[in-house]
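Each remark here refers to the structure printed beneath this line.
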Amino acid sequence: MNQIINDNYREFLKKLRERHLKKRKVKDKNKPIAVWMQDDIYRDFSIGKSLTIILRTEGCYYAKEGGCLMCSYLMDSSPEKITAENIINQFNYAIEKYKEKIKDLKDFSVKIFTSGSFLDDREVPKEARNYIFKKLSEFDNLKEVAIESRPEFIDEDKLNEIRKYLDVNVEIGVGIESFNEEIREKAINKGITNEQIIRAIELAKNYNIGIKAYLLIKPLFITEKEAIYDSISSANKCIELGCSRISFCPATVHKGSVMEFFFNKNQYRPPFLWSIIEILKEVKKSNPKALIMCDTSGVGSERGAHNLYNCKCNKLIKERLERFTLTQDINVLNVECECKNIWNAYIEVENKNIVPLGDERKLLL
């Protein structure tokens, strides 16, 4: 019976994904999705500039089969074949755009992302990866390199490939999301195990390569209180295992995702910013030497993490979260607003209700 349910579930996810993928538009295959430079924090806690390059690829193999319930990054992928030459051209375009600024910097880092895994040969061919690594190695002021990958692609061959060219700090971002396997599978549909994650962390250590743990704050099907506890416990576990940094990702409702399906039915609400503050404070207090970050994409919007919608504290807290990421000073998170009482009441009512609640405004209608 369980197998029948699982098969039907996967088929539903795949059809939902395919329906939205038909809306993708053909874009220039020789230009990246985006490229920008910003202030960032290095692994040694110093502040510098990072160049972020988001490559356009054919997308995450796992997402094509249905994928994670909150994700629609596959929509940024190309509906057409992307070759190694295309990816090399995208990288060169990004470097050329910022080469003059890079020359003037004492040091800088480069972050190279895709809509999936940089270490998946189907998405980024080895030829393109090696070209990128070789070109990066030519910068005397390069301090760090960051890429992303699912853990199943982190192996001896790929790590040797990296170290063949790069002797700087390297981090591989892994979407661990939660260290609770039941939550990761049923509420996220991640398709990876704790065993795979631990193996990737240990393997990377052998090459002095860090693992940056992406942790999702408030996946589907759990309450606000459960989300707070899960994020704190997951971060503590990742730090215990030796992850080089923790990057919290407050859930944002992506168009075309399963999360949006429940959001539209008012059966899901993105996390409160008060919850995020509590998570960051607790994790940093317990692990003062750990590097803790928080993504603020979507923060303050209706589809992103927010307190009372349109409350003035949303903008303030977003700024404080960004400052915390750069300074690692939990004192900047000391914020107060009357709407905090609504958050406390929401958690209390939701716990009595047992099942997760939706938007508090719609609940009062």
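Heads up, residue numbers simply count up from 1 along the chain you see.
Including glycine, each Cβ sits where the backbone N, Cα and C put it.
What Swiss-Prot records for C60, C68, C71 is [4Fe-4S] cluster binding site. Its own atom aside, the Cβ of C71 ([4Fe-4S] cluster binding site) has 24 Cβ atoms within 10 angstroms in the protein chains shown.
As annotated by Swiss-Prot, domain 'Radical SAM core' applies to 45-289, with the evidence given as sequence analysis.
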* **For C68 ([4Fe-4S] cluster binding site): intrachain residues, at least 6 apart, with Cβ closer than 8 Å** => Y62, G175, E177, I188, N189, K190
* Asked: Can you list the residues of the same chain, besides C60, C68, C71, whose Cβ falls within 8 Å of the [4Fe-4S] cluster site's Cβ centroid?
  -> Y62, A63, G67, M70, S72, Y73, L74, G116, G175
